Each structure stands twice: as C-alpha cells, then as structure tokens.
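Per Swiss-Prot, the features are as follows:
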BINDING   88, 102, 107, 126, 192, 196, 311  carboxy-S-adenosyl-L-methionine binding site
C-alpha cells in the first residue's frame, strides 16, 4: 500500500489541503482495480536490493550511489530491467546506468535555466516515470505532485522513491482530468509532451490555469511547426507513426492561444529540433524510436512527409 498521509500533512494550511485529504481513498480505489501487469512489476520492485544511498544528486543529474558489491549491482540491474521499457531518464542508480529512450537531461538543461523553483509547490501533468519531478526537487522545489495514469511509470517512480528518505515528491496514477476544477493551489505547473495529445488544446490550457495560484507560472513544452500566428498543423492521420497527435501550432500561434486563455507575460525560451541522439532505442527500451519514424532519406520529415519533431518551451503567468 502507498501511504499518502505524508502528502496530506505536507499540504495542511495550503489551498490543496481539502483535496489532499481525499487522495488516499482515490489511490486505494485505483490500486484495487489495478492493471494486468501490476503483479509482475511489483515483483520487480520487491526484488530491488535493500540498500541506502550515501550520495544523492538530483541537481546536476539523477544519481544515487553507495558502496556496494557486484552482486548487489547485478541484483539492482535485474530488478530494474523488470520494469522495462524505460522512456524518460537517464538514471544512475548504485552503479547501474539506466540508459533510457530519451535524454531527458538534455531537455531539462534547456528548461531549468529559465525557472526559479525554490520553495515552489509544483504540479507535473503527464509526469511519466517522475524523472523531471526529481530534478525539480533538486532545483529546490518545496514539493512536487505528478499525475500520469500509466501504471508502469508509477512503478518506475516507486523504484527510485524507495531509496530516498522522506522525498517531497508524489506520483499519482491518475489522469489530469481526475483533478478537481479550480484547485488554484500550485505555484508552478508543468505540461511537457502532453499538449499535442489533447483534442481540445484551449480547454487544456484553461484547465492548467485553474490549477495555479494567482501569479503562478505555467511551463508548457510541446511539438510546434514553423509559421505565423495562424499556422497550425493538424495531421490527417498519423504523425511520426502516432495516431493521437492533434494540434501542432507555430510558436506565435501557441503564444496567441495562451494569451486568449488568459495567461500573461507569455515568452518562448527554447525551440529545439529533436534529434535521433536525444530519442533513440537502447537496451532499456528495445522498441521502435525516432529514427524509425523519420524519412530515412530526409530526417527533416516524418515517414508521413510532415515536418520532423521540433519542440518549444513556453513560459507564461496566470
């Protein structure tokens, strides 16, 4: 059982206190319904060695270490392999390098310099396995709550959390839509790699705004295309072999949408083309990756002939 009472205690006296009181029952209900692979993933978690880190680095990396023998490292590696595929990372856990599909540290290095997270209550929407949540704590956040309905990501988060004493990070295996309206309790909300999966992008922006305190900050990272304020790509069918991609606006269009949704001080802090070095298959993620989704003759296009993935980071205030 996952005990959320520390979360409820931590949020006493904040605008999130009432919501936090009901989270344990909500989580228990989700756990009861479960997932067909949960027992297998739980077995992998149970197989992790019982050790404590003497070194923890969440600021410059995601690294935990201590003196341990080769047998312990082998046990760690086997258990973590039982939680494949690993998509966001990398993680350096007691001598085991979890070489994830994404070099998420590269993205974080593009985002973090533009933020002051010290003492902030943070919501990470579509948090995946929690890689960025740990990096947010490393940057000084007071607390981080991540929501993502993917059970494997939830288990991967638990694998790291068990080695950190009283971390102020909590992964809730809920969709964003399960959060109550008008929470207005977070200082910063992140939506990274989520926006283009939304059928109603403006509704998503409004929902994100509703989670923020007045003056709070949104960090939005999403796929974009070149063009002016009226340029938006809506794929006919698939985009880079993904069926669930809906709207890819230009940066000026996205900034306009944010202003229309009531955000202010809207600024673009980074635009980067995703490379096959940043997203690729590894022994920890053996399925197809970006190189399989691009035109083999021209990496500036997807297999469908659309512009290859380019991502922007937009920061805005409520």
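Quick reminder: no glycine exception, Cβ is built from N, Cα and C everywhere.
Keep in mind it's a predicted model, so treat the numbers as computed, not measured.
Here the features listed in Swiss-Prot are painted onto the structure.
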residue: 88; record: carboxy-S-adenosyl-L-methionine binding site; DSSP class: coil
residue: 102; record: carboxy-S-adenosyl-L-methionine binding site; DSSP class: strand
residue: 107; record: carboxy-S-adenosyl-L-methionine binding site; DSSP class: helix
residue: 126; record: carboxy-S-adenosyl-L-methionine binding site; DSSP class: coil
residue: 192; record: carboxy-S-adenosyl-L-methionine binding site; DSSP class: strand
residue: 311; record: carboxy-S-adenosyl-L-methionine binding site; DSSP class: strand
Using a 10 Å cut-off, grab the number of neighbouring Cβ atoms around the Cβ of residue 102 (carboxy-S-adenosyl-L-methionine binding site), all chains included.
23
The record lists 88, 102, 107, 126, 192, 196, 311 as binding carboxy-S-adenosyl-L-methionine. What's the largest Cα to Cα distance among them, in Å, rounded to a whole number?
18
